[in-house]
């Protein structure tokens, strides 16, 4: 009799993806973030579902409905803070996952990488719309500033912005549609993530050396299932420490003030995970130029496979490229810091230099380093 795990049409799919999957024997903890992202997504969908049961997407009641969730709903406060801080954990895992892909050359799996870039953009859009829903000051002004950037598009800009707003300013129509999109997008993300996984399993995982591991595979279960469970426990530990001890650490105090179109907060800034892109946007004095730089700062990821010049896949044995990679990480941290600072000297100059360095590292220095390393190895 054949094993049901291997013969049942549905169980067979699960088996081939999570149980009998041949995996490289040497993948490190940097390969844990894929499963952690899956856990984050499920957690966000579940907490979000319970929040949606008590939330009202109307400008007059949105703020008080969130207050009601925190004060009157059973365990509403923990659900709300798990959802808000879960987004932060989601982005930490996302950036680690992308960084791993850059470092170890995983971007040579073109379909998997490009779908990953689409996933990143979709998650960013979802998080942005979610931040608008509590209808605090930063929600309202963040929505106003970011949607208003589209008005920089020549000819159709103004019409486009008013079409997105559903009026002449961010108002009830905007909040309602943002709630609708924020609800549906995570399910779309889940579907795209399945395609991401499908394409990954066509080629199999990369590994730290960047060398084919076909000669040395081990079954996913029990080795990597137990490893993923450990990662999941650490993720939940970190999330719950944040939720129970410092729930507002990563939030903005301005968002505890109800949205007021007549009063602009002194410093409009997005959540911490968008600050690097926000700093690049602000570093260019021209509106359209800033918008293009902002878009390109994320879309540049799609160009990474074309910019790979080295004859080695991974950076494991390429010290020159390693130095530049960590310079890029430091540069992104600098941009994140600058994005949260007011627009004044010396922050403006630091932001401009960090923005130039960001594009210089990716477009010029790293491809050059790859070529130099080939020459040094007489390849």
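Cβ coordinates come from backbone N, Cα and C, glycine included.
Just so it is clear, the model here is predicted, and its values are computed rather than measured.
Here is what Swiss-Prot says about this protein:
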BINDING   83, 182  heme b b562 binding site
BINDING   97, 196  heme b b566 binding site
BINDING   201  ubiquinone binding site
TRANSMEM  33-53  transmembrane segment
TRANSMEM  77-98  transmembrane segment
TRANSMEM  113-133  transmembrane segment
TRANSMEM  178-198  transmembrane segment
TRANSMEM  226-246  transmembrane segment
TRANSMEM  288-308  transmembrane segment
TRANSMEM  320-340  transmembrane segment
TRANSMEM  347-367  transmembrane segment
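Here the features listed in Swiss-Prot are placed on the structure.
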residue	record	Cβ within 10 Å
83	heme b b562 binding site	21
97	heme b b566 binding site	20
182	heme b b562 binding site	21
196	heme b b566 binding site	21
201	ubiquinone binding site	14
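Counting same-chain residues at least six beyond the ends of the transmembrane segment (226-246), those with a Cβ under 8 angstroms from any Cβ of the stretch are 29, 32-33, 35-36, 39-40, 43, 78, 81-82, 85-86, 88-89, 93. Stretch with the most C-beta contacts under 8 angstroms to the transmembrane segment (320-340), considering only 33-53, 178-198, 288-308, 347-367: 347-367. Counting Cβ pairs under 8 Å that are 6 or more residues apart, the transmembrane segment (178-198) and the transmembrane segment (33-53) reach 3 or more and are in contact. Just going by CB pairs under 8 A, the stretch in 33-53, 113-133, 347-367 that sits most against the transmembrane segment (288-308) is 347-367. When Cβ-Cβ distances below 8 Å are used as the criterion, the transmembrane segment (347-367) is approached by residues 279-280, 282-284, 293, 296-297, 300, 303-304, 307-309, 321, 324-325, 327-328, 331-332, 334-335, 338-339, 341 of the same chain, each at least six residues removed from its ends. Residue 196 (heme b b566 binding site) falls within a helical segment according to DSSP. Checked against the residue listed as 'ubiquinone binding site' by C-alpha proximity, the binding-site residues 83, 97, 182 yield 97 as the nearest. Between residue 97 (heme b b566 binding site) and residue 83 (heme b b562 binding site), the C-alpha separation comes to 20 Å.
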